[in-house]
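Trainee: Once you've had a glance at the structure underneath, I'll fire off some questions.
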Amino acid sequence: MTNPVLQINHLQKKFGHFQALKDITFDVRPGEVFGFIGPNGAGKSTTIRVLLGIIRASGGTATVFGQNVWSDSVSIHQRLAYVPGDVYLWPNLTGGEIIDLLLKMNGTAHSAKTDDLIKRFGLDPTKKARTYSKGNRQKVALIAAFSQDADFYIFDEPTSGLDPLNERIFQEAVLDLKTRGKAVLLSSHILSEVERMCDRIGIIREGKIIETGSLAEMRHLTRTMITVTLGDDFDVTTLAGTHGVTAGHQPHEWQFSVEDAQLSTVIDALSQHQVIALQSTPPTLEDLFMHYYTGKE
Amino acid sequence: MSRYGRTGQLIRLNLRRDRFRILMWVILLAALMTSVAWKFEGIYGTQSEIAAIKGTLASPGIVAMFGAFSFTGKVTTAEIFANEMLLFMALIQVVMNLALSIHATRYEEDLGITELVRAHAVGTAAPLAAAATELVLINGFLGILYSLGLTAANMPGASIEGDWLIGLGLASTGLLFGILGLLTAQLADHSAGATGLAYSLFGLSYLARMITDVQHPHLTWWSPLGWVEKLAPYNQPNWTPIWLSLLSALVLAELAVLANNHRDLGAGAITTRPGRRTASIFLRGPLSLIWRRQRNVIIGWIVGIIIFGVAYGTVFNTIGDILKTNPTMQQVFGTAMVHEANHKVLLSFTSLLAIIMAAVAVIPGMQLILKLHSDETRGWLEALYARPLSRTRLLFSYVGTAFITSTLAYIGGLGGIVVMGDASLKHVQDGISASEFWQGIWAQLPEIWVFLALSVLLVGCWPRLKALSWFYLALGFISVYMGSLLKLPAWVKNLAPSGWMPRVPQHEMNWTTFSWMVVLAIVLVIVGWLGYRRRDLHMS
């Protein structure tokens, strides 16, 4: 097993009396896309800013490539690419100039790959940044990041201003990074995007990581939705281990949810009653998200 | 919905948004005016004091700085007051108006707030009308405060009419330039451009009044800034300048509305053109980035200050010719003495100008240093932080550019004065020699550096207090500019670095002072640098 690219241990950050980060622990390994999700104000961007050495942690440790994020930030940034959530660009420079400048500051240069990305994202690089829309500003930052040959990529809600076509190009580019063994930290609100791309997910709430793991692992923590049509008059509400049982639209049709631990007992019990149809739906990331935030399934 | 719909609501919103700004300006200006008026009888109360200062005020060097005023008959304390304060207060009030007007219009538009406002049931010209009304209210209120303050101070020789003339005259001049700011806000397509354009026009009217004042005072009517001098509040009260200012303000306001109607939101009459597809090979790091972003501003300042200096230089032949004011002198003292006296006058004039040039030269450098913080809060540096770029390098890119800009600006300004001044003289030996010029340069540079170093300290350690830099510069400038005319005590002049060095080249250069001021500047920069490396960076 290779060493993690990013390692965060019990990270804390206080702004005056306000404890923005209480306990953040997770890691990101090479060749994996790590999804970082949580509602507004939970501490996603604060965590990322600590990782970039923009703000200093008040407790705990964070390392990238085994180096301290605060004191070794310059050498870390040599191999890191970052796209902020709100991209602010120098208003009197053109997009093309900004992309080149950002690349040069990492010791790389404008390459055929850069031109290719500009074409694929459909950016007009001759326009002054003052005239770009939010999506176009994000494209500038994304093009600069993807044409850089880094080992660790951090994206902070990178697609919030992109149209669906460009969002797809972004996803392809991220999957390409993954196949090349790069590590990616993706903070996002778009849960379908995270579900599709991320190998592992960390959920943050009020400055604490409350869950990390793969989507499959997390699904075990919640209930599976089941819709069943039976051949007799069995009343499913009497069955132990089920939750939220409702009668369906058809006669003998029932909908309920089951905890994974109870699944085999419930299925055994149902099989006594001539199952005609059975549909099981694993919880989506959205269900998981709601589960963690509202305490309901 | 009329074009001015909901202007009233926007005015209330503007006043609430700017309440601290307005309060600060109004209190500062009104207190300055009233306290000087209050103390003035103590400074120039007796006839002998008045007679002494009257001669000084008539000398071309002071005329260039404070304006030409004609004295007839028995001169009173109030007349001296008007002579010393009118133009000076007008300058500060114009600065206030330009800051407020562009902040209320173009700056809000840059931030996207105007877009948000205009999306509601608000007239197309309402934001502009609200800003104009805000300016009328502030200037009017300040004018009334001035008048009441002057009436209360009741200087010998003052009249109620004169008091009101000063208050309303300053108010109308301020308003005129405020409305000019509104117009440039419609022409340029971002706030920095609008500010630059407005200040260029302001500078032009200042230069026009200076040159005409020294040579042909009746031509000063052609500069709007010269109108305040024509009020003559305590000898021959004249209301024409007020009507002229208000009329011009009305015309400019009409033009601003016209420009506003004919442009898209977010665009100006002077539009942004497309630029380079790729970066030039010179654009490669933080230093070249600052240059690329700020080159127009930096070059503009340096060229502007040189022109400013050259304009001052053109009056050397008038100032440095004692025979013009005192024709019998040559017969009494002989040619050598006359040249000696001319040289002395020019030295003292140059020393005074050096202070002004130094204060002006600090401005672009200070802006650059404070920009390090405003770029930080506006998120423009976030992309840079994620690069392999140390904070030390980032800080010194800004600070280095700032120090070089201010230093060059000062050398250019003083150089402009001396080169143009010497060239305008009939007898070169009357003028400033090369060694005197360099003494003047070395004497003021440490002052410039200490001011800049203080800004580095604030941005590095306490960025929230960065506005103190401007206060301190203003304090330093006012204490030396007005210090001797208002007979301020020595400790006031010593509050700011501008008062630490003797007036050079009029006096000898003090190298001990030079050394410790340079050391102080270095220490402040180092402390600021250490602070900047340690603190959290702020992000919007």
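Cβ atoms here come from the backbone N, Cα and C positions, even for glycine.
TrEMBL: automatically predicted annotations, no manual curation.
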Trainee: Can you say which of B:50-73, B:242-265 is given as transmembrane segment in TrEMBL?
Mentor: B:50-73
Trainee: Is it true that the transmembrane segment (B:125-152) and the transmembrane segment (B:20-38) have 3 or more CB pairs under 8 Å, sequence gap of 6 or more?
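Mentor: Yes, the stretches contact each other.
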Trainee: So are the transmembrane segment (B:297-319) and the transmembrane segment (B:50-73) touching or not, going by 3+ C-beta pairs under 8 A with a sequence gap of 6 or more?
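Mentor: These two stretches do touch.
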Trainee: Count the CB pairs under 8 A between the transmembrane segment (B:395-421) and each of B:20-38, B:85-105, B:345-370, B:441-463, B:511-532, then give me the winner.
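Mentor: Stretch with the highest Cβ contact count: B:345-370.
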Trainee: Any contact between the transmembrane segment (B:345-370) and the transmembrane segment (B:20-38)? By contact I mean 3+ C-beta pairs closer than 8 Å, pairs at least 6 apart along the chain.
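Mentor: They do not touch: fewer than three Cβ pairs between the two stretches lie under 8 Å.
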Trainee: If we skip the immediate neighbours and take only residues 6+ beyond the ends of the transmembrane segment (B:85-105), which ones have a Cβ under 8 Å from one of its Cβ atoms?
Mentor: 14, 18, 21-22, 25, 29, 32-33, 36-37, 66-67, 114, 127-128, 130-131, 134-135, 138-139, 142, 166, 169-170, 173-175, 177-182, 184-186, 191, 194-195, 198-199, 202, 206, 209, 225, 228-229, 231, 233, 481-482
Trainee: Do any residues of this chain, six or more beyond the ends of the transmembrane segment (B:470-491), have a C-beta under 8 angstroms from a C-beta of it, and if so which?
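Mentor: For the transmembrane segment (B:470-491), the list is 36, 39, 43, 53, 56, 65-66, 84, 88, 355-356, 359, 362-363, 366, 447, 451, 454, 497-499.
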Trainee: List, by number or range, the same-chain residues at least 6 past the transmembrane segment (B:511-532) whose CB is under 8 A from its CB atoms?
Mentor: 391-392, 395-396, 399, 442-443, 446-447, 449-450, 452-454, 456-462, 497, 500-502
